[in-house]
Structures are given as C-alpha cells and as structure tokens.
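*Asks:* Please read through the structure below; I'll follow up with questions.
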C-alpha cells in the first residue's frame with residue numbers, strides 16, 4: 001500500500017533538494033522554507049492528486065484530534081444526506097467517486113455510509129492518547145485507499161451542506177462571512193446547485209480546491225486552516241488564514257503550499273514555539 005502522506009523529512013533538507021537554482025523563484029522559496037523552519041522541523045509530502053487540499057487538511061486534523069467535534073456528535077449528522085436529498089432533488093447529480101449515473105437511493109445510502117465512516121474514524125483516532133500511536137493510526141488510515149477516498153466524499157458533502165446553509169442565510173437576510181458572497185458571485189457558482197455541478201463534483205477528478213473553497217472547507221470542518229504560501233514570501237499573504245477572522249474556539253491546522261494548488265504538511269513544532 002502506498003502511503004498518501006510520505007514519512008517526515010527535515011524541512012531545510014527537503015528545500016535544498018527541491019530548490020537548487022539561483023532564480024528569483026528559487027531564492028524566494030528558500031526564504032519561505034527558512035521562515036517555516038523557524039516553527040516546524042520537518043515536512044511530510046502529500047500525494048499530489050486533486051484531493052491534496054482535502055487530504056492535507058484531514059490528515060492534520062486527525063493527527064491532532066483529542067475529541068470529536070460537536071458537529072460530528074449531533075444526532076442528525078448521519079441523516080444529512082437524507083435530509084438534503086428530500087429538499088433538493090438536484091443533489092441526485094452528485095458525482096460519487098469515479099462512478100456515474102447512480103440511482104437516488106444509492107447516493108443517499110452511500111453518502112450516509114461515508115458520513116458514518118468519518119465519525120467512526122475521527123472518534124477512534126481522537127481517543128488514542130499516545131502521540132506515536134495516534135500518528136500510526138493516521139498513517140494506517142491514509143494507506144487504505146477505499147476508506148481514504150470515502151472520507152473525502154464525506155468532506156465534499158459537508159462543504160455542500162455548508163454552502164446551502166450560507167446561501168439560505170444570505171437569502172433570509174442573516175449575516176454571512178464575506179467569502180460566502182465571493183463564492184456565489186462567481187459565474188460558475190451563483191447558487192449551491194451550480195457550485196455542486198461546476199466545482200464540488202470535479203474536486204478529486206479534474207480539479208482541486210480553489211482559494212474560496214478553502215474557506216468553505218474551513219467552515220464545514222469548523223477548523224482554522226493556516227497556510228504558509230511560499231510564493232507569497234515577504235508579502236502580507238505569506239501566512240494566510242482560512243477564514244481570516246476565525247472563531248476563537250476553532251482548532252488550527254497548518255499546511256504549506258508553493259503554488260496554491262498542491263499542499264504539504266509541516267510537522268514537529270520546534271521546542272521554543274511550543275513553549
């Protein structure tokens with residue numbers, strides 16, 4: 001089995017291997033990695049398919065999970081697919097993994113299975129006390145392709161659910177975060193149905209997450225996603241937070257990107273950072 005998240009490697013060693021030249025880009029990347037190395041000792045490479053933003057975020061969230069998030073505990077969590085499909089029949093067009101043309105009941109049941117799996121895995125891993133054992137359990141999960149990709153489908157469905165809630169809140173005059181306006185201001189996603197057809201259905205197949213969808217993922221998980229964007233080194237956007245005005249009590253996961261398309265994971269916080 002191929003591990004989707006490679007073993008850890010010294011961050012500066014990785015940088016030297018990847019960015020040897022003296023081009024302005026290479027220099028900027030090295031500076032960016034040096035800045036990250038002030039806080040983290042190692043990096044883990046994430047498999048570079050179109051799921052990598054979901055993979056990196058979920059891996060980090062599970063690696064540090066100590067409890068089940070409240071939204072995963074709610075009674076109606078596993079009923080989500082039934083509730084949404086009963087209200088919005090266009091969700092029948094949801095594209096499940098590599099399989100097209102499903103019947104409605106199949107979609108409903110299959111997504112329910114994915115949601116149950118997400119809750120089960122999160123619960124099991126969060127209950128492991130020892131950091132080494134916890135890491136081993138995460139590594140094991142991310143070598144099981146069948147389960148791993150099922151979890152990404154669950155995350156995408158949670159993103160759809162969050163988008164529907166935000167869209168309805170806005171229509172009903174309730175306050176919504178700024179990114180929500182941007183999400184629905186795109187020509188390709190004027191409403192949740194278009195968002196599903198033109199964006200969510202393609203994640204993992206023909207495209208990854210765009211910036212505005214990183215916000216949506218953060219809201220769906222109720223996590224703050226902190227990203228070192230290396231090509232933005234020495235600008236205000238070098239460290240970007242999704243959302244940029246996070247809730248106080250949301251846990252934080254940290255990712256690294258060189259281009260806003262592929263994400264890797266920094267690990268092992270340096271001692272002084274922890275203190």
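Every residue, even glycine, has its Cβ placed from backbone N, Cα and C.
In TrEMBL, annotation is done automatically, which means it is predicted and not curated.
Here's the feature list from TrEMBL:
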- 49: active site (ACT_SITE)
- 52: active site, nucleophile (ACT_SITE)
- 237: site 'Linear diubiquitin binding' (SITE)
- 262: active site (ACT_SITE)
*Asks:* Express the distance between the Cα positions of residue 237 (site 'Linear diubiquitin binding') and residue 262 (active site) as a whole number of Å.
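*Replies:* That comes out at 17 Å between the alpha carbons.
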*Asks:* Could you state the CA-to-CA distance between the residue listed as 'active site, nucleophile' and residue 262 (active site) to the nearest Å?
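*Replies:* Here the two Cα atoms lie 6 Å apart.
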*Asks:* Count the other Cβ atoms sitting within 10 Å of the Cβ of residue 49 (active site), across every protein chain shown.
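*Replies:* So the number of other Cβ atoms within 10 Å of residue 49 (active site) is 13.
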*Asks:* Measuring Cα to Cα, tell me the gap between residue 49 (active site) and residue 262 (active site) in whole angstrom.
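*Replies:* Cα to Cα, residue 49 (active site) and residue 262 (active site) are separated by 8 Å.
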*Asks:* Can you tell which of 237, 262 has the least company, meaning the fewest other C-beta atoms within 10 angstroms of its C-beta, among these recorded positions?
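*Replies:* Counting other Cβ atoms within 10 Å of each of the recorded positions 237, 262, the minimum falls on 237.
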*Asks:* Neighbour count, 10 Å Cβ-Cβ cut-off, for the residue listed as 'active site, nucleophile': what number do you get?
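*Replies:* There are 23 of them.
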